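Colleague: Encoded as structure tokens, here's the structure I'll be asking about.
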Amino acid sequence: MTDTAENPLTAGLERLPVDPTTLTIFGATGDLARRKLLPALYNLAHDGALPERFNLIGIARSQSSHEDYQREAREAIEQFSRRRPDPAVLDALLDRVRYIPGSFGDDDAYDSLSAQLDEFDADNGGPLNRAFYLSTAPAFFPVIVEHLGEHGLAHRADCQVRVIIEKPFGTTGAEASELNRRVLAVFDEKQVFRIDHYLGKETVQNVLAFRFANGMFEPLWNRNYIDHVEITAAEEVGIGSRAGYYDSAGALRDLVQNHMLQLLCLLCMEPPVTFTADEVRDEKVKVLRAIRAPAPDETVRAQYTAGTVGGEDVRGYLEEEGVPPESQTETFASLRLEVDTWRWNGVPFYLRTGKRLARKVTEIAVILKPVPHLAFAKEGSLGVQPNQLILHVQPNEGVSLSLGAKIPGTRMVIRPVQMEFLYGTAFMSQSPEAYERLITDAMRGDATLFTRNDEVEAQWRIIDPVLGAWQRDDPPLAHYEAGSQGPPEADRLLEGDDRWRAI
Ligand SMILES: NC(=O)C1=CN([C@@H]2O[C@H](COP(=O)(O)OP(=O)(O)OC[C@H]3O[C@@H](n4cnc5c(N)ncnc54)[C@H](OP(=O)(O)O)[C@@H]3O)[C@@H](O)[C@H]2O)C=CC1
Ligand SMILES: O=C1O[C@H](COP(=O)(O)O)[C@@H](O)[C@H](O)[C@H]1O
């Protein structure tokens, strides 16, 4: 694979202009900053996609100096970057990094931040745009936002100020509304960029390209031709060292409320007139509003027990470090949803996600209705199956379509074959990480791939009743062996609609 910049098929496409910016990461020593944000910034620098005048400020609790933090950032980039770092690019990036030790609730930290921002402005010959990335535990989101407001850092007449907020955005609809209220008391909605990193994935954006750049699928894209849809986000990994967060979240909040509902929105939304932030998000909100919350018997929740994943014995969820021995938290969630619109009425959408499943796979499988009549002899048509269109989000990014084809020979015997588009071979390039795209878009002020306040609240409106029922043990928690296809209870949801595709 060639680098994007050197690839004739993609050259020149990455460099949309970004105004000079100072990016501040709150939680700069944390797991997300180290594994994703710093490497994304390096890769943007490598591609020449950062503004010429770009500076980075890290804030966290640890008492480090600028030099210590630059060293930590170098190590994180060397360990996690998708590319082997070029020393010259890395040195130039780190040279513009500063660190402020301090507590998020402490006014001194914001005074130091304000002074450092002014210093960067002065060094760069004038005011730079400011982006504040809240890569912290959610409890700090309102604290930081309010301190930014109190210290006069939320609005500036001479530059753009933006705030990027990590997930989870609330743990219930009520919390999300309250958080929106507190954030929007300080910032205007157009300054706010709520991250859902799935929207930064190339293959997720390709759902829109696939639907709205190809005329041939639109006539089929409705209840007349589509039988049902399966959306899977399966992971091999367990919860790692994130028990503190995960045990209070669970799979429904962690992946369904955000990433999976976003996939569903992109799949179901009506075409926007133009590809602008508010038009795209208006259409997504309409989809969310058309989904009624599922009844308890249209949901499955389950927890993994010990098993084998990728040939390695792994422990069960209750044995994971930091998980309370009685925990009822689900590590697998599955829902049956319907989108009550003219286009989709009666089409079931099945969602499933889980940790410690057989392999990592995220895909959208659109299963079309069977042909109305088979003219072929019975034995020849045994292999005829409804067409399946699979949007492979990860891995093996691409799209495949199953077709019935005649097996070569003297008899009319049919079996399914695959037509495939693979990103790797079609574009001969490695896709950028989601955070590369999202950080650039936020610095450019393009909110198309970020969730709006009403959107996030509409997502919770679907999830809240499920959480309520699950708290009442309805349905009871099921179990599945690590490394398996998930709990057998999930098959019950699909009754009459085939079987889940194998993970
Ligand atoms: N990690 C991941 O893979 C993902 C994380 N997210 C979200 O990103 C956010 C950050 O997650 P993650 O990086 O994992 O969290 P971590 O716990 O690893 O990092 C938290 C950061 O906040 C700092 N911090 C904590 N308390 C304070 C305080 N009182 N004052 C100042 N600094 C403080 C820590 O500083 P110090 O180390 O110096 O104590 C550290 O830099 C969360 O909202 C999470 O949900 C979203 C998707 C994936
Ligand atoms: O947001 C999250 O996503 C990851 C999965 O992301 P992916 O890009 O690897 O598909 C998940 O592991 C994590 O629990 C969740 O918080």
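Residue 1 is the first one shown; counting continues down the chain.
Cβ coordinates are placed from backbone N, Cα and C, and glycine is handled just like the others.
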Colleague: TrEMBL has His197, Lys201, Glu235, Lys355, Lys360 binding substrate. Which one of Asp158, Asp247, Asp254, Asp340 is in the same site?
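Modeller: That substrate site, as TrEMBL gives it, pairs His197, Lys201, Glu235, Lys355, Lys360 with Asp254.
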Colleague: Considering the NADP(+) binding residues Gly27, Ala28, Thr29, Gly30, Asp31, Leu32, Ala33, Arg34, Lys167 given in TrEMBL, which of Arg53, Arg61, Arg130 is annotated for that site as well?
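Modeller: NADP(+) site check in TrEMBL: besides Gly27, Ala28, Thr29, Gly30, Asp31, Leu32, Ala33, Arg34, Lys167, the record includes Arg61 out of Arg53, Arg61, Arg130.
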Colleague: Can you identify, from 309-329, 477-497, the stretch that TrEMBL calls region 'Disordered'?
Modeller: 477-497
Colleague: Can you tell me the three-state DSSP label for Asp31 (NADP(+) binding site)?
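Modeller: For Asp31 (NADP(+) binding site) - judged by DSSP and reduced to three states - the answer is helix.
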Colleague: Out of Gly27, Thr29, Ala33, Asp254, which binding-site residues have CB atoms lying under 6 Å from ligand 2?
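Modeller: Correct list: Asp254.
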Colleague: Tell me the Cβ contacts of Ala33 (NADP(+) binding site) under 8 Å, same chain only and six or more apart in sequence, or just say none.
Modeller: Ile25, Gly27, Gly58, Ala76, Ser135
Colleague: For the binding-site residues Thr29, Lys201, Asp254, Lys360, which residues place their CB under 6 A from an atom of ligand 1?
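Modeller: Passing the 6 Å Cβ check against ligand 1: Thr29.
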Colleague: Can you tell me the CA-to-CA distance separating Asp31 (NADP(+) binding site) and His197 (substrate binding site), as a whole number of Å?
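Modeller: Taking the Cα atoms only, Asp31 (NADP(+) binding site) lies 15 Å from His197 (substrate binding site).
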Colleague: So among His197, Lys201, Asp254, Lys355, Lys360, all listed as binding-site residues, which is physically nearest to Thr29 (NADP(+) binding site)? Use the C-alpha atoms.
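Modeller: Its closest listed neighbour, by Cα, is His197.
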